[in-house]
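K.L.:
Could you have a look at this structure, given as structure tokens, before my questions?
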Amino acid sequence: MTGWKDIPPVPTAQEFIDIVLSRTQRRLPTQIRPGFKISRIRAFYTRKVKFTQETCSEKFGAIISSFPVLSDQHPFHRDLMNILYDADHFKVALGQISTAKNLIETISRDYVRLLKYAQSLYQCKQLKRAALGRMATLIKRLKDPLIYLDQVRQHLARLPDINPTTRTLLVAGFPNVGKSSFVRSVTRADTPVEPYAFTTKSLFVGHLDYKYLRYQVIDTPGILDHPLEEMNTIEMQSVTALAHLRAAVLYFMDISEQCGFSLKAQINLFKSIKPLFANKMVFIVLNKMDIKKFEELDPEMQQEINDLTKSGEVEILRASCATQEGVQEVKNHVCERLLVERVSQKLKAGTHSNGNIGTRLQEVMARIHVATPMDGTTRETFIPEAVKNLKKYDKNDPNRRVLARDIEEANGGAGVFNVDLRKDWILENPEWKYDKIPEIFDGKNVYDYIDPDIDAKLQALEEEEERLEKEGFYDEDDDLPDEEEEEILQKAEYIREQHALIRNEAKMRKSLKNRAIIPRKAVKKPLSQLEDHLDQLGVDTEAIGLRARAQTAQSSRGRSLVRSRGTTADPDAMDIDDGAASAKERLARSRSRARSVAATNRLQDGVQGTTLRSKAERQAKLAQRKMNRMARQGEADRHIHASMPKHLFSGKRTIGKTDRR
């Protein structure tokens, strides 16, 4: 299989430009402003240039890779393409595509380098325009190569799929000698048949089946008897097929000479192209026998035709495509000979010089070998006597065999009679057929748990238990735990409890409890915690406690809650200034008490620094924005309002009423 039919279409130069530029316009952003940063403007236009270059390279690479590489093709396909399309012209066209691809990549690199130094949007735009313009100019110059490659693609898709390695029959000869008629007769190929020469201008392929094997039949154009240099493209296709295909060659000759060429000329053509028949099976087919028989020829001409078979490599066959006389015989004979020849070639190729059969040949022989009995005796068909004497069932015969259907009809018919499904059960004891044992119990198959030796196994287990009881096996208390094991178990349980407590305390510490995480430096620790920690370290804390309490006493401020009311015990008595009170105390009592200030600012608790505080406020506003936009009363508001208020959408939308809806 060549895969030439899967080559995608090659666009023309103008179509190629439209594809590339429209793809660039569709796939990339299209808006840019002079006020943007110059780096952003450069990146915008650099991306356009590089994207266009990548698109061109991708398209050109796809075109180059889709066409076959001549050096990788079979010699037949390589020479056929050389004849039809001129291999040099084909290579030059693909080379121009590859050169254009490299030039476009060079242009892209140069203009990307220039775009790095552009100072304005106008400069970037002009550089981009120049780069894309140069790329488009290069593509326009590929007008002729692209048209040529698309024509080659179309012609390749129309070529027949010829397999050079399969079983092949190759039909050759002068024009109008009946080659296409033979191919139409033995295959389903619709080859053109007309009463004039050179009806077939290219290779046609048909397929036939012989002994469950597929053969391909190739109809070649007619060949004229002149030097190879003077042959045209149509004739060279036939010569290429004869030279490179391992096939059985059927050389057709028109002995009635109605083709316009004499029998002598047909014999001379056979001799001139005979070097192309090397290592091939050759058959001369004498066609149009219904018009003129071989025996009606001149003795000299008969002798010349018979001389062609002296080498032993050529056979003469006779047929008439008009009356189908001898056509199937020719087909069967050639296919059989070709099959035998291919098998012998495989056997010869798989045998080593020392006569041993290779591994590959053994695999092939294993596939084609048919096993037969070694003793040579004939094994006839054996039919038991009971089968021979078996009478045909007759419903009206009283001595007929009684079938289950007869029993059913005798006992009430279908729906009344229950078929005995256990009747034909094969059990060790026929009495077991009707035991009340369910097939399925608790969703399990009962038969899977039935053991024929279960009674013997149960008896053995009971005897073993009695023996163990007599030996005192169950009197030992080794399994009871001692004091050491109980102590180990208690310690293990205590360790598990401690681990659980530690884990729970860690979870409680880490949980926020609906509070913000306060930094360690902002947490105020009591003096008692400090004293406990220092006591654990062995530091005397008496002096530290006295100093802290003294600082606390000095920093205490505010009015005393108890005012001196002299010596009277009456709570309603008038305040009297004691002469012993200092002026400082009197001044403090005369001032009004200020509002109490909270110990900490809850709004700023847990947020350290102005930057973090402003960031937290912005995030809070951002979280609140959606709720405000959707007019929610809070986070728990899930009310869904009417999507189409009836007072706004009722009535008909008449002409002139849709501008307000």
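Positions of Cβ are set from backbone N, Cα and C atoms, glycine also.
Heads up, here are the entries from Swiss-Prot:
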type	residues	note
DOMAIN	167-339	domain 'OBG-type G'
BINDING	173-180, 198-202, 219-222, 287-290, 320-322	GTP binding site
BINDING	Ser180, Thr200	Mg(2+) binding site
REGION	549-578	region 'Disordered'
COMPBIAS	555-566	compositional bias 'Low complexity'
K.L.:
Between Ser320 (GTP binding site) and Thr200 (Mg(2+) binding site), what C-alpha distance do you get in Å?
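P.N.:
Roughly 19 Å, rounded to the nearest whole number.
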K.L.:
Note down the number of other Cβ atoms within 10 Å of the Cβ of Lys288 (GTP binding site), including every protein chain shown.
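P.N.:
Cβ-Cβ neighbours of Lys288 (GTP binding site) within 10 Å number 22.
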K.L.:
Please report the distance from the Cα of Lys179 (GTP binding site) to the Cα of Thr200 (Mg(2+) binding site), rounded to the nearest angstrom.
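P.N.:
Distance (Cα to Cα, whole Å): 9 Å.
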K.L.:
If H, G and I count as helix, E and B as strand, and all else as coil, what does DSSP give for Lys179 (GTP binding site)?
P.N.:
helix
K.L.:
What Cα-Cα separation, expressed in whole Å, is found between Ser202 (GTP binding site) and Ser180 (Mg(2+) binding site)?
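P.N.:
Each residue's Cα considered, Ser202 (GTP binding site) and Ser180 (Mg(2+) binding site) end up 12 Å apart.
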K.L.:
Filter the binding-site residues Gly173, Asn176, Lys288 down to the ones within 10 angstroms of Thr200 (Mg(2+) binding site), Cα to Cα, kept in sequence order.
P.N.:
Asn176
K.L.:
In terms of DSSP three-state secondary structure, what is the assignment for Ser320 (GTP binding site)?
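P.N.:
Its secondary structure by DSSP: strand.
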K.L.:
Most Cβ neighbours within 10 Å: which of the binding-site residues Asn176, Ser180 is it?
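P.N.:
Counting every other Cβ within 10 Å of each candidate, the maximum falls on Ser180.
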K.L.:
Determine, to the nearest whole angstrom, how far the Cα atom of Pro221 (GTP binding site) is from the Cα atom of Ser180 (Mg(2+) binding site).
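P.N.:
That separation, Cα to Cα, works out to 9 Å.
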K.L.:
Output, ordered by sequence, the same-chain residues six or more apart from Gly173 (GTP binding site) with a CB under 8 Å from its CB, or 'none'.
P.N.:
Lys179, Gly222, Ile223, Tyr251, Phe252, Met253, Gln266, Leu269
K.L.:
At a 10 A cut-off on CB-CB distances, which of the binding-site residues Thr200, Ser202, Ser320 has the highest count?
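P.N.:
Result of the Cβ crowding comparison: Thr200.
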K.L.:
Give me the CA-CA distance between Ser180 (Mg(2+) binding site) and Lys288 (GTP binding site), in Å, as a whole number.
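P.N.:
Computed Cα spacing between Ser180 (Mg(2+) binding site) and Lys288 (GTP binding site) is 13 Å.
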K.L.:
Rank the binding-site residues Lys179, Pro221 by the number of other Cβ atoms within 10 Å of each Cβ, and give the residue at the low end.
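P.N.:
Comparing Cβ neighbour counts within 10 Å for the binding-site residues Lys179, Pro221 gives Pro221.
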